[in-house]
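Let me begin by presenting the structure, written as structure tokens, before commenting on it.
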Amino acid sequence: MSFTRQLSEMSASELNDAIDDTNFPQAHILSRGRNNSVCSTSSTSGTSSLADRQQNQAEEATAIAGTPVEEVAPAPALVPLAGNQRPRLILKTNGSSPDSDGTQPKTPLTPRTSTTPGHEKCTFHHDLELDHKPPTREALLPDMARSYRLLLGGLGENPDRQGLIKTPERAAKAMLYFTKGYDQSLEDVLNGAVFDEDHDEMVVVKDIEMFSMCEHHLVPFYGKVSIGYLPCNKILGLSKLARIVEIFSRRLQVQERLTKQIAVAVTQAVQPAGVAVVVEGVHMCMVMRGVQKINSKTVTSTMLGVFRDDPKTREEFLNLVNSK
């Protein structure tokens, strides 16, 4: 299945299901180039190559008397990791499935969701609505302007006085600009800027400026975003990382969800061995109101793939992000 078809023909839930974190870890680090060698990391702890997995699968198949390899149904297995890391679910495929071309991890038959016992309070990638897009938003401008006019009247102001007579329309246009990310899709922003490249070391772009709107109080929060990923023979144009930040920050947001959405979008774009995102934000809802803590900052992170499973890879990324 081609990358273009993935984005244009699959629904948001299908795209996000495909990278649920049961499918992301080390044993599914697959090459999308001309060979199937596993992508290298700063540490090989807990990883296995594609050839090893295929050999193990063949051995399991021949253990069943009289059963050819191709007839053995795929079965999930828990792979123990080094140290105190938790086991991860590895989905084995036999390559004969019509929807499996060997270039992409297979989606779990029953992906975990917030309704799965024990995960009621969790947010999974398929819950993030990356492709949410409302109806034509420019058509909402008159209604939005009328709402702002009512708001001014509710404050005891005269919306017809000279300084405010055009304020409702200006405020409505400003709000449309602040949330213009709803009008953008990942496919449009990437615009084909995904390139074959035999580069298997970490790529980090840090201190990307970000502005967003808190969905709780409709006041701004702003800060910086740092993104790192470990390529699997695919790299992304560097400016596209900043544009991905722009898509999701220009929406009504909470910082935690914004961080996840950026990480999932990079994963969809280049299917890397792992993605790491750190966001540092200043929230005006904490500065202008409430506790009024002017110097407070909020830091959130999302680690996927090797960045989540390999402490050395994660440490390397954090050192690069924190270096001056």
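The backbone N, Cα and C atoms fix where each Cβ goes, glycine too.
These come from Swiss-Prot:
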REGION    33-59  region 'Disordered'
COMPBIAS  40-49  compositional bias 'Low complexity'
COMPBIAS  50-59  compositional bias 'Polar residues'
REGION    79-119  region 'Disordered'
COMPBIAS  93-117  compositional bias 'Polar residues'
BINDING   Cys214, His217, Cys285  Zn(2+) binding site
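Feature map: Swiss-Prot annotations on the structure.
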residue : record              : CB count, 10 Å
Cys214  : Zn(2+) binding site : 18
His217  : Zn(2+) binding site : 15
Cys285  : Zn(2+) binding site : 15
Structural state of Cys214 (Zn(2+) binding site), classified by DSSP into three states: strand
